[in-house]
Each structure stands twice: as structure tokens, then as C-alpha cells.
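Quick look at what Swiss-Prot annotates:
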- Lys4: SUMO1 cross-link (CROSSLNK)
- Met1: N-acetylmethionine (MOD_RES)
- Arg672: omega-N-methylarginine (MOD_RES)
- 14-53: repeat 'WD 1' (REPEAT)
- 64-103: repeat 'WD 2' (REPEAT)
- 238-278: repeat 'WD 6' (REPEAT)
- 521-559: repeat 'WD 9' (REPEAT)
- 593-624: repeat 'TPR 1' (REPEAT)
- 809-842: repeat 'TPR 3' (REPEAT)
- 912-945: repeat 'TPR 5' (REPEAT)
- 971-1004: repeat 'TPR 7' (REPEAT)
- 1345-1378: repeat 'TPR 11' (REPEAT)
- 1411-1445: repeat 'TPR 12' (REPEAT)
- 1447-1477: repeat 'TPR 13' (REPEAT)
- 1574-1607: repeat 'TPR 14' (REPEAT)
Amino acid sequence: MQLKHLRTLLSPQDGAAKVTCMAWSQNNAKFAVCTVDRVVLLYDEHGERRDKFSTKPADMKYGRKSYMVKGMAFSPDSTKIAIGQTDNIIYVYKIGEDWGDKKVICNKFIQTSAVTCLQWPAEYVIVFGLAEGKVRLANTKTNKSSTIYGTESYVVALTTNCSGKGILSGHADGTIVRYFFDDEGSGESQGKLVNHPCPPYALAWATNSIVAAGCDRRIVAYGKEGHVLQTFDYSRDPQEREFTTAAASPGGQSVVLGSYDRLRVFNWSPRRSIWEEAKPKEIANLYTVTALAWKRDGSRLCAGTLCGGVEQFDCCLRRSIYKNKFELTYVGPSQVIVKNLSSGTRVVLKSHYGYEVEEVKILGKERYLVAHTSDTLLLGDLNTNRLSEIAWQGSGGNEKYFFENENVCMIFNAGELTLVEYGSNDSLGSVRTEFMNPHLISVRINERCQRGMEDNKKLAYLVDIKTIAIVDLIGGYNIGTISHESRVDWLELNETGHKLLFRDRKLRLHLYDIESCSKTMILNFCSYVQWVPGSDVLVAQNRNSLCVWYNIEAPERVTMSSIRGDVVGLERGGGKTEVMVTEGVTTVAYTLDEGLIEFGTAIDDGNYTRATAFLETLEMTPETEAMWKTLSKLALEARQLHTAERCFSALGHVAKARFLHETNEIADQVSREYGGEGTDFYQVRARLAMLEKNYKLAEMIFLEQNAVEEAMDMYQELHRWEECIAVAEAKGHPALEKLRRDYYQWLMDTQQEERAGELQESQGDGLAAISLYLKAGLPAKAARLVLTREELLANTELVEHITTALIKGELYERAGDLFEKIRNPQRALECYCKGNAFMKAVELARLAFPVEVVRLEEAWGDHLVQQKQLDAAINHYIEARCSIKAIEAALGARQWKKAIYILDLQDRNTASKYYPRVAQHYASLQEYEIAEELYTKGDRTKDAIDMYTQAGRWEQAHKLAMKCMRPEDVSVLYITQAQEMEKQGKYREAERLYVTVEEPDLAITMFKKHKLYDDMIRLVGKHHPDLLSDTHLHLGKELEAEGRLQEAEYHYLEAQEWKATVNMYRSSGLWEEAYRVAKAHGGANAHKHVAYLWAKSLGGEAAVRLLNKLGLLEATIDHAADNCSFEFAFELSRLAFKHKAPEIHLKYAMYLEDEGKFEEAEAEFIRAGKPKEAVLMFVHNQDWEAAQRVAEAHDPDSVAEVLVGQARGALEEKDFQKAEGLLLRAQRPGLALNYYKEAGLWSDALRICKDYVPGQLEALQEEYEREATKKGGRGVEGLVEQARQWEQAGEYSRAVDCYLKVRDSGSSGLMEKCWMKAAELSIKFLPPQRSLEVVRVVGPQLIGIGKHSAAAELYLNLDLVKEAIDAFIEGEEWNKAKRVAKELDPRYEDYVDQHYKEFLKNQGKVDSLVGVDVVAALDLYVEQGQWDKCIETATKQNYKILHKYVALYATHLIREGGYAQALALYVQHGAPANPQNFNIYKRIFTDMVSSPGTNNAEAYHSWADLRDVLFNLCENLVKSSEANSAAHEEFEMMLLISHYYATRSAAQSIKQLETVAARLSVSLLRHTQLLPADKAFYEAGTAAKEVGWENMAFIFLNRFLDLTDAIEEGTLDALDHSDFQDTDIPFEVPLPAKQHVPEAQREEVRDWVLTVSMDQRLEQVLPRDERGVYEASLVAASTGVRALPCLITGYPILRNKIEFKRPGKAANKDNWNKFLMAIKTSHSPVCQDVLKFISQWCGGLPSTSFSFQ
């Protein structure tokens, strides 16, 4: 360590002004200096002077300079300073935590001599030395001081060890004494340790030794037991003077001694175990060092001098900067200061064992410290300043550190996991595991304290991939092991360590309860899971569902909600918990129920104060009330009475709250007076017992304390007089008689005649008691009393009076007893019979009326049957000789033997129908013989056979069956038995059974199933010889598949399928077997093909050798070529048969030609010496160029043939010129001539003949003339030519006739030209009549070939306007037609328009038709189903047209089930008051109210649309002739209903309006004539159930179930209306045609209703209001007065009415204000829309500051 001067804190003076003492505070923030003036100066850690205060003398009369301060020390909490003074006193000053706080003396300790030195090592403990030689202890808590030990020598120095647990004092005689408060297990001795040569004014206690020095200028280091380790002798150094003071570093690794102008520094070397002197710090004019103080973190040393100066030095071995963020200052070998450069915070890292710190790392997001020493590992949390040091043997730096848990560091090394809790110097534990993944390890360290559990530390980790172990880290033992069937990929304990969650590779989530060791799968697909921080609430994701378990103790109760993305995290703060979900690019927060989370957690932890604080932040709702009740119960159980009082106050239980308040006052007073727990006081315990209605316990508590009066007062206050009197009797209380009188008087005053009668009876006054009993309506008690007293029986009037009362009260048995007692048997018997007291009646009848006994026995039996006592009834029926009833009773009572006994006594007809019932019982007991006998007696032998069949007793069944069954039934029986035999492996027996019943196919199937093929073939051959071959083939395939080839061969060959056998062996590579089979069974060439395939598989010379061996080489070459395996054929020919190559080339060429590979084929043809074949190939494919190239190169004789072929192709393409040239090149003009003739091209034929074959010219001309004559001389060209000749000759009429005769279907242009020419000639040169005829002929012909314009032009030339227009129309040239009509004959304009409309209609060109005829266009749109275009077009027309088509479209949509789109139409276009539209509006309303999924907040806009349309309709009706009609009233009612639905949807979007929504659902029940009744009652019932109105919910849901049954039955006749008497809920409603609620929800309701009715905790009555009628009824049944319904809830307005401008419209003020408040707090747009509508509907809102903006 080196000292570096930093600054001068206090400048020295010119003379002696000694700094007497100095001290650093424990928290390193304050430094105190006491000057010679007895003033304490206070500095901050940076050396700035911040404060000062003066010390005071023990007694002011001696003056301020009467003492010196000799010792000073800070308290461990750094808020106090102890000052030791020479005037025999120690003062303790409280200086506070902040600068400038007032300095107050809080302790003072007066001593018998001067204080010479002082230390404050521990809380409340100040150690100081006195001039008289004593070392004493001052306790600041008790303000007393005591002597630790005493010597006879002045105490010159006092110091402590590093931990402050030991003290060392130096005395003037050189003695050094050691004392331990706690030796920390070191075993070091106490007492006098060493005798130093001089007074050890400089005394320091380092880690490994004690350093002492004094005026002899020697420094001596002593060992732990006082032996000298080292001596540093400076006595011969003239520069050195005496050593005045010494200080050890806080780490104990360095010592500094002060002398004159010099500070000497010694450092301990751990490796050499000796002190090494560093270079001394010499400062001129420093003078004598009088005081030294070392900062607690070891980074600063301050020295005070004789002249009053204070110098500050920096102490450092070395410094380094870590990642430019932290400064590491090594102030000693075992101590490092880590400073955060950005925040300035510092942490002191120190080895408590003095080991040298080797390296410091800052890991885990720069929060955690890790440092190694030779034998330990240092860990720390920079944020919380929690540091740990554990024993750690060097492992080569291979450790892996995980800092995911804020409380624990996880260290993984060589397969071992070690856990270290920050702030603890022992490892929590270590386990073996190979899985070091933070997701596979979970540690919980006191994360959530629970009541009664102080320490809770648990670890869960993977032992292997499928095994989880759970360890209690406190006890170090295993508390659970979970073996799972698949790999675990995530696990985590809850914060209390009671539950473990884990997920496996199949994404299944499991919950393990550590206490019960039970494992539950709670989710079958889990992509995200996390515990909610600070609770046991669990959040997980299952595909598109968010799952929340608010109560993990009930894992089956999960709250699920739909989400559209992936959960990415949880955020908890600000009083809410949110689940963050990414939906696309956005993150959406889903809020959890904070009440369930916070309250549940507080209750689980037993933190009732936290639970109370949370509940006080909530509004009082049914849920909150339930929480208060739970808390009140738990608080009482835990005796937290103030919490319980608060709970009952919140619940409005005033009496209980007041009672607890008084109890708390008693407990608090007792606690104040006597201390301890006030709840243990007897009055408190008794009052708590009273609160729990345990009055006996309260009495016991009072009597234990002899508080008899208090016990009696308690009972009297509770009006429990009997108990009060019993206490008085037990304790002999003097007021006993008075109590009894008061009790009787009280009973009479409170009309408790029964109790008064009992009191009189107990006191012996019978008449008075009877009188009181009768007065109380208790004649039975009176009768009992009379029967016990003979003297009272004698009083006939009294007895008559009593019997009359008994009969009136239907107490017939007691009346009978009385009549029998007074000897009136007739009346007694009547009473017994009426009271069903048959035993007494029969006994009386036997004595008095024997004839009646039989009748009474039967009646007795009937009564017992009604009471379900069938067993008892049997004997009575036998006595009454009622056999049938006796049998029925015996059967009902399951008295089978009695039943058989009775049956055996009856005739056969009577007994036969009962025997089977008894037989069934014995069959169920497997007593088959008895059952058979009974079935037989009852003529039910078939049932006996069925019994034996079901029991597997086939022999008995068969024996019976043969007696009574048909053959087909026996067959079924046998087959069943055979199947049973087959299951048992008895195949032969099964076969015999199958064959016996002529079912051999079943036997065949059985043998096949069990692979007994020989038996199978045997049966097929015997029973199905025609299928034998197919069976062999099928078996062969199966055996081949199983690899049983020899057996397969047998079956294939038996099936004559040798090819299948060959293929089987081939595919298995057994070629010899294949060849053998082919040769033996395959005919002449089969073995050759197999040989070819075998050889091909071998290839090369091996193939040649094989084929030579088989003698099939040449044949195989041919076979290969024939099978297109040319490569193999060439290979074989090359190796053995070269002369076969041309033949193979030719076959190959032909193959290539077939494949279309002509160039390759050409080469092969040439190689085969067949060029002619190549030429023919190309000619065939008309590749003339290639054909000519090959012919010229290899076969010149074929050139002419190629040219002729090419010419033929040209002729086929009508290219006569090219064909002519080719034929002439081939020197074949004759062929050209023939081709022209065949084509009818006589002119070309004549030309060719003339040029190349002139000798044939004459004959050709003759032939041509013959042809012309055959065709009538009128070929097209001939006609045209003839026409031209007539025209040139001036014969225009004949020319016209010729032109008109031209018909050439191939040339419309020629025909047009000719016909136009004819018309032109006729107009120019022929008479008008003739020209008109020609034009009338030409016009239609031109139109026929599509030349409409030309025809029209012709017609116009002759003024044929209509014909011209018709031509344009037919040519669809409408503009020209219109122009002609307009310009030449306007009469035809309408004619053109009409045709144009028809054209557009026929063509479907509606867009064009719109401009001509809108209505026709709209109708066409409707026909085509183009509704959108129809409505869009109609919108541009008048209102009437628009709504005609809107109605048509709406009707269409409704038929298609699209009521929502129909509604949207009327939202867009308005709802006119047309009567013909009324059914549409009603249908939309009906469909909307019947549709599912509309009872939620999301349906608001649909309901609002319906409401707005009906409002618009009603407004229009008011202005129409339909105003105030029945239809108008009906639509007004529909408007009100739709307003209720819309308001309900709006209210469902806000939590605080849930009761409003429920009330609206209830109000809608009065409109069930217009709504589906089952849906309305279901919605009302579920809404009532959700808000806790269980009575209403039960009645409505019960009604709903009745309605669903009525729908099933198709009638409402069975409905019970008693629950709805005196309400406005209608009885007569339309029966819904179908169920509107799904089956699953109906069953859920059925279960709930059944559960509630079984509990019998609800009263089946609708709630009533102040009118005494059902609270939601508008009509008061008693008065008939009808209240207005509230616009917000639909409930009747009885008071606090807010009226609107529109008559009949009002709201309840409370509901209205609640609705407004909800809008203001939530800013809900839908609720604002409701208000906006109410404003429109009701003519404005009441005066309010609410705004829609």
C-alpha cells in the first residue's frame, strides 16, 4: 500500500495546538476532528468542512478549559459521537443524519478518573480506558457503565480487531491486555498478552498480528498469543523519534505508525507471512503526529499533528478502470473499492478471511461483482450492497455464473450447481445437474413472506431430462421428485415455493403441488407461461386464448379470453396488471382483475392489513362485499379484532361492528394497563365466543373467573332465561326465585304460552299448563299431560275440549289414544285410521271389531307402499289375502324368495308374468339353474337361452335352443360360440361349429387370419373349388410380402401364375430360381426373356459367359434389340457377334424414328447401310431439305421422288406455283397438268400443256369444254367473264342477270363487287321499275353477307328510307339509323328508338339503357341481380322510385337471411311510412331480436342502426295518414325495445353500468309478445345471475327451461304462470318455432337451476318494491296505476323523476346521473351516442353540462 497526499483539511498553526483525537463514521460519510480548543469539526467524505460543535465540561463551574478531550468515536449507525474527557466523564452527542441537525447530548457516563482513550465497537457498547488503569464498558441503552477488567496502570492506548468483537488495551507499564466479547471460534486467549518494553502509545491490531511501538523507537509485531514475530529497530536512526500513534487498515493488512515528520507504512505479505516496510511518507515541518484515523473503506487516512494540522492521504495498492464504467481501487490485498463512475456509488469488497483478492469482474448487466481469492469466492449485488464470501477451491476459472435471480447467484462448475444468497457467507447448497439453463432451474428465497413462515428457501432443478427434484435449502433435504414421461423444457416455482409449474417438449403445462405431491396437467398446449409477480396468479397462452388462473388451488377454474397475437410479457404497477400481446406490429395490453390478484395474495399470505388497505380502495359491489366477508371471517379466526371491526363496518353490520368496537376498547385498555395481548383477557374471549354464538363457552369463561353476574347478565340480555336460571341454581344465587317470576312474566308478556305451560307443568299445576297449551294451539301437549294424570281424565268437559282441538289440528293418533283411554273404541278406530296409525287400529279392531281386521291390514299395506316401505307391506297384504299386491310389494322390496314363495301359491296365469322379473335377478347373481327354472315357469325359454348365451354357457344354451328355437336362430348362436372358441385358440372346434351351421366362409376367414394356410386351402377346395386359384394367388402375394418365397412359389404355381413366381425371384435377386421356374413352367420363350434380364443385370463379359453357358447368346441379342435395349445389344454384339451390328443399327434407327429423334435415326440408317430408309423418313415428315440432302449425298436415285413429294405438299397447301416449279425440276410436267385439272384450274392446265406438252393441247381443250357443259357453263369465273362480255356488248339486262347469279361462298368480296355492279348498271341503264326490283334483290343479299351500309346506300339511292333504316338497324349502326330518320323522315325516329331499347335489353347493356328508359333499366338490373347498380341508379331518381327498389332489394336480402344488409339499406336511405313496407320493417326487427350473439357490447352498432331506422319510420308515420294507427303504435313499441337493446349493449361496455344492463334485460321481459320468449328469459336470467340477483335469476332461468320444454312439445299449455302473477310480464306469448339458445348453454342453465333448487337457499319470489309489487312491473296490481318506464333501465319511475320535453318520456334521476357519470369517467362513444339519440327522441336533454364533443 502507498500513501499519497491529497489535501490539507485543517491548516497547522504556528505554535503547539495539538489535534487530540479524530474519528471516521462507519458509513464513511463523516469525519470528526477534535482540536486543542475542545471543538469538534465535522467534514464530509470529500474533505469539505460542513459543521462543528463545542464540547462541554462535566461541571461548568470549573470553566471550559478545565479538561481535555482524549477519545472520540462514532456510533455504528453514524448518528452519534462519544467524547471521552479528562474531567472524568463521557458525553454521547446525537448529531443526526443530516448536516446542521441540532446536536443533543443523549447519554453521559460519569467516571472516577480521567478518560484516556475510547472506542465504540458495537451498538450500545462504548469501551474506554481510565487513568486509574481500568477498562470499562458504557451501555447507551441502559445509560449505565461497568468495568470489564482493571489494572493498576494508566491506559495509554485502546484498539479493536477488524470485526469489533475483541479489544486490546496498552498500559503505561508496557502491559498489553486482550479481551473478547466473542472470539468468533478462534480459541485465542484473553487477559494479559505481552509486556512491551515501553508504554505502547502506538498500538494496532491487524488481521494476523499485533503491532506495538513507543518511545524506544522500536516497532514490534507480536503473534496471536504474544510471541515476537518481527522487530523493526530505529533506535540508532538519528532522524527518527518516538512513535506516538498507530492505526491498522480496516482490512487489517496494513499498519501506519506516526512519529516526527514521518509516517511509516507496513504491509502484510500473505505469501511470506511477514510484515514488509513500504517507503515511509516523510513530510518536512509536519512535526509530531498526534492522531491517526483510517476511513472505514480503507481508501483514506487522516493524520493530526502537534501544530493542529490535519492532512489527508490516499491509500492505494493499485487502481484500474473496468470497461470505462467502474473504478477499482485496491486499498489492501484483501479489500477493493468498486466505484461506479457515472453514479458515484461505491461498494467495498473485502475478504473477511484476509485472503488476497486476485481479480474483480462486474457481470450480469453490470450489476453483480465476482472476485476470487486463493480459497474463497466473493460475490456482491451493487444495487443492494449485499456482499458474500464463501469457501471456494480454485477450479481453473471454468465456472459459469447466472444472475437471472436477484437474490441468488447460481454457479455452475463441473456438473455441480452451487447457490449463494447475496449477503450470506455460506452457500445455500449445491446439487448435481447437467442442465444449466435458467429456464430449467428455479430458486425462491423469501420472496413473499407468509403468515407463520419466517424462512422459506426452495430450489427446483432437473436431475435428468425427465426428472425434476425440489429441495428445501434451509434443511438441505429433498421435498419432492417428479418423474415425467417426456422431456421438460421449462420450470418455475411460485414465490412461496408451494407450487411448481413445468412444461414439456409437447408444450403441455403441468402444475405440481409440493405439499400433496399431486401433479395436474392444466393446459395441453402452452406457448407462454408466467407467474404474476407478487402473487400466485398464473398467466398462460393456449393458441389464440389467454388463460388466467386467479386461484391456483383450483386449477380447473381458469379464466379464458380470446387474443389475436402472442403474449410477450407481464407488466405490474400503478394498481393494475397487464398482459402485453403483440398483434402484428402493435402491442396490446390486456388488463387482469387486480382485485382477485391482490386480495387473494394478501389472504394467502395472511397479510390482513394489506387486504384491508386494498379493499378500502374499491367501491362496494357484490364482489367487494364478498371479499369483506371473507376477510372478516379470517380476521376473527386470527383474532385481529381491529381488522374484523373494519370489515363489519364496511359491510354495514352495525351491531357486530359496535360489539367488536367495545371488545377492542376492553382489549386495548387491558393491554395498556397490564401489557401483553389484550385479546387473551377473559372478557374479550367471552365476547368473541358470544359473537360466534357459542354461549356455553362464554359462560365457561365467565365462571372460570367467578364472574357469575356477568354470565347471568349475558343470558338475560340474550333472553336465554333457562340458562340464566341454571347458572343461578348451580351457583346458589339469592335472586333465583325472582328470576323465575320474572321469567314467567316475560313469557306471558311475549305470548310464549307453550314455554309458560311447560313451566307450570314442571311446577305441578296441570290445569294451568293445559289451559296455556290449548291457548298456544298445542293440543297434543295437553293430551299428553291428561293421559299421564288420571284425575284430569275424569274431567269429561276438559277431555272433550282437548279431543276437539286434536281433531281440528289433524292430530288423529293422539286423539285416538285419548278416545281409547276414555273407552270410546269407535271414535278411537276412526281417528287411528285417519291418522294412519294402523298398528293401534289393528290391535283395537282385534279386540273390538274383528271383522274390520282384514280391511285394515290391506289399508295398512297400501299406506306402507305409499311410504316406500314395501318390505313391511308384504306380510300385511298376505294377512289381507291380497296376493297380487303382496307379489308387487315383494318384487319392489327385492324380497325374491318371498316373491317365489307367493308366486308358487298362485295359479299359472297370475304368476307367469312375474316369474321373468325374478329370473332376471337370479341371472344377475349367476344362479342360472334357478333362473332357467323361473324363465321356463314363465313361458320365457328364449330369455333363458339368451341368458346362457351371454354367460358363455353354450352347452346349456344349445340344449335349450334345440327344444324351442328356429334353425336360423341356432345358427347365430353357433357362430357366436365359434367366435368364442376362436378367441381361445380352439380352431378345429370353431371350424366344426361353423361347418355345422353351413358357414364355411367364416372358418376360412378364421384360418386366414391366423395364417393356417393349409387348413384354409383345404376348406376352399372343399367348399369353393372355383375360388381355389384366386386363393392360391392371394396367399402367394401375402407369403412373398412376408419373405416366405418357397411357400409363395408353391401357391403361385398352384394358381398357374408362373410369371408372378419369376418376378418374385427376380426382385429378390434369385435369378437361377427364376430361370428354373420360367423354363419349367413358362413355355418356349419365357426362359429366354429371363436369361436376357439376368444377363442384363450382370453386363459385360459376365453376361456373354452366362449366355454362352445357356446357349442363348444370339437369341438374347435379338431379344434385347426387340425390347429397345440397344446399348446392351451393341455390347453383346461387340463382344461376341460383330456381324449382327448392321441389323441392330437398323432396328435402333427405326426405334429412334418412332421416338421422333430424326437426326440420330438418319445416322443409324446410314450406319446400317439403308440411306433410302432415311430419305423416306424425312419425306414422311415433310422435311424436304433433309430428305434432299440425304438423297443427294447417299441415294441420288431418290432425288426426283423427293421433289415430287415436296410438290404434293405444296399442292395440298394450294401453292400451285411452287408445286409447278418442283414438278418441272423433277421433269414431270404431266403430273403438273393432272394436278391443275383436278383442281379445276383449266387456264393453268392449258398453259402448262401449251408450253411443255403441246401434243396434248387439243385433247385438253375438248375435255375442258365437256366439263363446262357439265356445270351448265356457269362457273363463277365463267359467269363473271360472261357478264363482262355482255356489259361490253351493251346488253346490260343480261349482264345484270349474270352478275346476280354469281355465288361464291369463298369470296364475299367478289359477290359484293358483282352485286353492286348489277345494281349500279340497273340504276344507270335500266328502267326505274327494273332498277327497283334489282335493288330489292341486291339489298337483302348484301345484308346477308354483312354489308349493311352498302345495302342502305343502295336503298337511299332509290329513296327507300324505311328499308335503309332497317338495314342500319340490322347492322346495329344506330347513329346512322337515327340520322337518316331525323333528316329524311322524322316519322321513323320513334321506330328507331323502340328498336334501340329492345336491342339494349336483349344485349343486357343496362348502362346504355339508363339514358333511354330508366325504369326498364332498373327492372333489368333487378332481373340480373345487380342490386348495387340498381340502387345506385335509383338514388339519382325520385324518392318514390328509389324506395320501390330499396324495398325489393330488402325483401331479397331477408329471404337470403341477410337482415343486417337490409337494415343497412334503410339506415342509408331512410324508412318511408309506406304501408306496403311495414312487413319488411317487422321482419327485420324479428330477425334481429332472434339472432344469436347480440347480447354483448360489440352488438351496439347493429342495435343502434335498428333503433335509428325505427325512429326515422315513427317520425315519418307521425306526418303520414298512418299516424296513431295500430301499426304506428306497434312500431313505437319496437322503437322502445330496440332503444333498450342498444342501451344494454352500451352499458355492457362499462363495468360500473353492469346493473343497468341487467335491469334492461329484465325490463325487456314485458315485451315478449314481440321477442322470442326463451331468448329473453335466458338473457334476463343470466344477467341477473352475473350481478348476484339470484332469486330473479332462478325464476327467469326456470321459466326459460319451461319454455324450452314447451318448444320441444310444441305447446305452451303446460306452462305454470304462478311466479309472474301480478306482474306485467305477459302469459300469452307466441311459441318460438325453434330453440334460440344452444344445447350446451341450456344444459349449463339446467345444472345451475337444479343445484340451486337442491340447496333450497333461495326463495322463489320476485323482489318487490314499495308498492308491494314486482319491482320491474310498470303496473301496480292493487291500484292499476301504470308508472312510466325509465329511459335508462326500463324500470318503473316511482320517485326522483327527470322529465323530458316529449310527453311520456322520463328517467329515474339516480339512474340518469349514474349513466352520465359513467360517460364522464369512461368517455365511452357508444354511451355518448345513446345520449345523443335520447336528445333527438325526447326533444333535448334535461339541463346538464354534458357535451358530446
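Every residue, even glycine, has its Cβ placed from backbone N, Cα and C.
Projection of Swiss-Prot feature records onto the structure.
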residue	record	Cβ neighbours (10 Å)
Met1	N-acetylmethionine	24
Lys4	SUMO1 cross-link	9
Arg672	omega-N-methylarginine	9
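Sequence-remote contacts of a segment are chain residues at least 6 beyond its ends whose Cβ falls under 8 Å from one of its Cβ atoms, and for the repeat 'WD 6' (238-278) they are 1-3, 157, 159, 161-162, 201-209, 211-217, 219, 221, 229-230, 232, 284-298, 301, 303, 313, 315, 331-335, 350-351, 354-356. Rounded to the nearest whole angstrom, the C-alpha distance between Arg672 (omega-N-methylarginine) and Lys4 (SUMO1 cross-link) is 61. Here the repeat 'TPR 7' (971-1004) has a mean pLDDT of 77 out of 100.
In terms of C-beta pairs under 8 Å, the stretch of 593-624, 912-945, 1574-1607 lying closest in packing to the repeat 'WD 9' (521-559) is 593-624.
The DSSP breakdown of the repeat 'WD 2' (64-103), given as helix, strand and coil counts, is 0 helix, 18 strand, 22 coil.
Secondary structure from DSSP puts Met1 (N-acetylmethionine) in coil. In the three-state DSSP scheme, Arg672 (omega-N-methylarginine) falls into the helix class. Summarised by DSSP class, the composition of the repeat 'TPR 1' (593-624) is 23 helix, 0 strand, 9 coil. Break the repeat 'WD 1' (14-53) down by DSSP state and the numbers are 0 helix, 20 strand, 20 coil. For the repeat 'TPR 14' (1574-1607), the DSSP counts in helix, strand and coil order read 31 helix, 0 strand, 3 coil.
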